[in-house]
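Peer 1: Here it is, the structure, as structure tokens.
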Amino acid sequence: MTLQFPIQAPARYAGETEPVKRPREFACFSYDKDHKFRLDDSSMKWYYPPEIGTNLSHGYDTFIKHDDSVDEHLDSLLKTIADHEQQTGGPIDAHIVTWRGMLTKVGGSDASFLSLWFEMNATLYRLTFTSGYKFETLSTIPRPWGETTRDYIENRDNEVTNNKEQYCSVVRTGFGKSIVCLGGEVDAIWDAKPETPGKPINWVELKTTAEIHTHNDRFKFDRKLMRYWIQSFLLGVPKIIVGYRTQDGILSGVEEFSTLSMPQDVQRRKTAKWDGNVCIKFASLFLDWLRQSINDGGVWRIRRENKSDHIELFKVEEVGHGSIITDEFMNWRIKLSLNKDKPPGFEPSDAADAEPSMAEEPVPETASASGAY
């Protein structure tokens with residue numbers, strides 16, 4: 001049996017807004033230069049302005065690209081969650097566990113110009129993708145400014161671009177009635193992490209785009225801004241820095257955007273019309289429907305055909321969890337459930353006692369979600 005969630009016109013989601021919980025980082029992990037998992041913040045970068053006029057295609061031949069054709073599922077995210085639970089003595093408070101990329105697609109699927117499960121082919125746009133990673137290399141340093149040598153700062157153009165190295169933030173957030181645990185890559189930090197856990201962090205999202213010359217260019221850019229906004233909003237990233245490139249791939253300028261004010265700024269320009277509240281409401285209604293629909297075990301698939309007016313949910317395996325949930329995590333949860341000796345003062349909430357659904361980042365066509373475990 002296939003269940004369907006209807007996608008209606010954006011105006012149908014206008015009106016009363018849905019409550020949103022501010023994303024709070026409770027854990028993190030890193031991938032090193034060889035893309036090896038590390039339970040630390042060793043791959044965190046600091047923002048430092050790039051040099052205008054730099055060729056973003058420089059280093060194309062030495063670019064070290066992560067093989068994203070290998071599906072890593074939720075493995076790293078689950079390892080990080082398990083480590084956090086071992087420290088706190090109880091399960092995380094969440095209904096849904098997934099990567100930011102999945103909710104980015106869901107949040108933007110109400111607009112007709114975005115297709116939920118279809119993205120650009122990296123092999124067709126390799127130069128564009130490489131320029132984005134190059135911009136990150138030019139705009140970041142591995143330590144705070146005062147601890148980084150002048151020689152390193154001035155020679156970032158000669159650094160090998162490597163997208164295997166990543167810092168990933170793990171946050172707890174919420175949309176409407178759904179509490180969500182999200183993991184996602186963060187490009188850089190503006191200053192420093194606050195000493196108090198859960199406080200807002202001045203993260204920076206880095207993007208590149210072609211120069212804007214015409215009204216049509218502006219329209220296309222404002223459409224892109226919706227995706228930029230959703231990505232940043234989900235992880236609590238307050239600042240987006242966009243590098244503009246010429247047709248020859250030269251960095252011609254940099255502009256800073258506030259995540260908070262971006263939806264209003266786009267609406268004032270009256271070009272590509274999108275509403276942040278509509279994105280949030282759509283995501284909230286979808287997550288609520290998803291939680292009610294996945295009411296038993298097995299493996300489920302979430303799919304939206306290109307430009308379809310609905311999202312499909314259907315079961316692909318009657319029992320088990322496929323490869324979504326690792327044996328290591330399942331064994332840890334069994335051990336946790338058998339452990340009757342809770343740490344002093346530990347009182348899990350009703351939401352924490354509930355069994356969350358796991359949704360993994362899909363290959364371009366589909367995503368999968370498992371039922372309760």
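Easy rule for this one: first residue shown is 1, then count along the chain.
Keep in mind that glycine also has a Cβ here, set from the backbone N, Cα and C atoms.
Annotations per Swiss-Prot:
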- Glu136, Asp187, Glu205, Leu206: divalent metal cation binding site (BINDING)
- Cys168, Glu185, Lys207, Gln231: substrate binding site (BINDING)
- 340-373: region 'Disordered' (REGION)
Peer 1: For Glu185 (substrate binding site), write down the residues of its own chain that are at least 6 apart in sequence and whose Cβ falls under 8 Å from its Cβ; none is a fine answer.
Peer 2: Gln166, Tyr167, Cys168, Ser169
Peer 1: Name them in sequence order: residues not among Glu136, Asp187, Glu205, Leu206 whose Cβ is within 8 Å of the mean position of the Cβ atoms defining the divalent metal cation site.
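Peer 2: So the extra residues in range turn out to be Phe135, Ser139, Thr140, Val186, Ala188, Val204, Lys207, Ile241.
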Peer 1: Can you grab the distance from Gln231 (substrate binding site) over to Glu205 (divalent metal cation binding site)? Cα atoms, rounded to a whole Å.
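Peer 2: Pair distance, Cα basis, whole Å: 9 Å.
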Peer 1: Return the residues near Lys207 (substrate binding site) by Cβ distance under 8 Å, restricted to its own chain and a separation of at least 6 in sequence.
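Peer 2: Counting only residues 6 or more apart in sequence, the Cβ neighbours of Lys207 (substrate binding site) under 8 Å are Gly132, Phe135, Lys224, Tyr228, Ile240, Ile241, Val242, Gly243.
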Peer 1: Give the helix, strand or coil assignment DSSP yields for Glu185 (substrate binding site).
Peer 2: strand
Peer 1: Using only the Cα atoms of Cys168, Glu185, Lys207, Gln231, which the record gives as binding substrate, return the largest interatomic distance in Å, rounded to a whole number.
Peer 2: 17
Peer 1: List, in sequence order, the same-chain residues at least six positions removed whose CB sits under 8 Å from that of Asp187 (divalent metal cation binding site)?
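Peer 2: In sequence order, the residues whose Cβ lies under 8 Å from that of Asp187 (divalent metal cation binding site) (at least 6 apart) are Lys45, Tyr47, Glu136, Ser139, Thr140, Trp203, Val204, Glu205, Leu206.
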Peer 1: Give the helix, strand or coil assignment DSSP yields for Lys207 (substrate binding site).
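Peer 2: In three-state terms, Lys207 (substrate binding site) counts as strand.
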